[in-house]
């Protein structure tokens, strides 16, 4: 979404309001209720700026930069909570709910200890600091340790490139270095515990970047070759929490009644191969002509999923979910519909329900 142009007087007013909350009330003796109200409003500023790409104070940098890593003096030091650095200099797009503890993150792609190169280290400080790093939902977090309640810094991975970088060091660890670079943002340099671990970080981030640049999850080359030789495994082959007798009969989209599960050989595909003629018009038992079903938009639940938030859709293993939108694909979520209920669903919990023949 492109931000609408704001009149200058409105931008100034918003800047003044945010600065007053951040700087003007910094040293005031506020009650707990007043502090909560202030922090709530400041969070609202950050979410609106991120959602609509508005940057009232165009200062570079990432979220909550580590004071030991990045010379931060002079920037806002207020907190969203009593001890969290205020994020007013953050300008990466589309980011919300970024102040999370290391153990609170979900959909983690890669995590572990790395040495991060500081941008401006002091004379007595080390150039490389050990950080607990996590890649989750298109974000790169780095913490003081794996139990930290808030990150030292966070940045959006989209728009970066990643590669091995042995030129960063001249000691025995040079083959364990990698970096993330961007044309219009600062670079990040890291050292892993071993060359193999560094390559794994590079591979995982590269795979994520491919996913962020498309609406489908890319496959590794060896996986593509295997798929040409094999049929899809039966869904019962997936490890999941207890299903047993709880697996329910499947209601096919566009069909009348319930299709009871049958006991057939395990090698049989779970996918229904549909002829092209069924795509345009179908005929039900009453002989009425009706519009065909878009089978490509249907996905099947791999495991039970219970939504924790009101906008999350709950479903069980085997449920057929119609995907309405993939606009939140970069965060690992799609918008789906089940039994006339609409909500977001984690794409990792879904698999294609039908294999449609191409023309």
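Any Cβ shown, glycine's included, is placed from N, Cα and C.
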Residue from 113, 271 to which Swiss-Prot assigns phosphotyrosine: 271
Which range of 177-197, 198-218, 219-239, 240-260 is region 'Disordered', per Swiss-Prot: 219-239
Where Swiss-Prot places region 'Interaction with FYB1' among the ranges 290-295, 296-301, 302-307, 308-313: 290-295
Spatial separation of residue 142 (phosphotyrosine) from residue 295 (phosphotyrosine) - C-alpha basis, Å: 42
The domain 'SH3' (294-355), counted residue by residue under DSSP: helix, strand, coil: 9 helix, 29 strand, 24 coil
Lowest local Cβ density (other Cβ within 10 Å) among modified residues: 142, 295: 295
Three-state secondary structure, which DSSP defines for residue 142 (phosphotyrosine): strand
Mean of pLDDT values spanning the region 'Interaction with FYB1' (290-295): 63
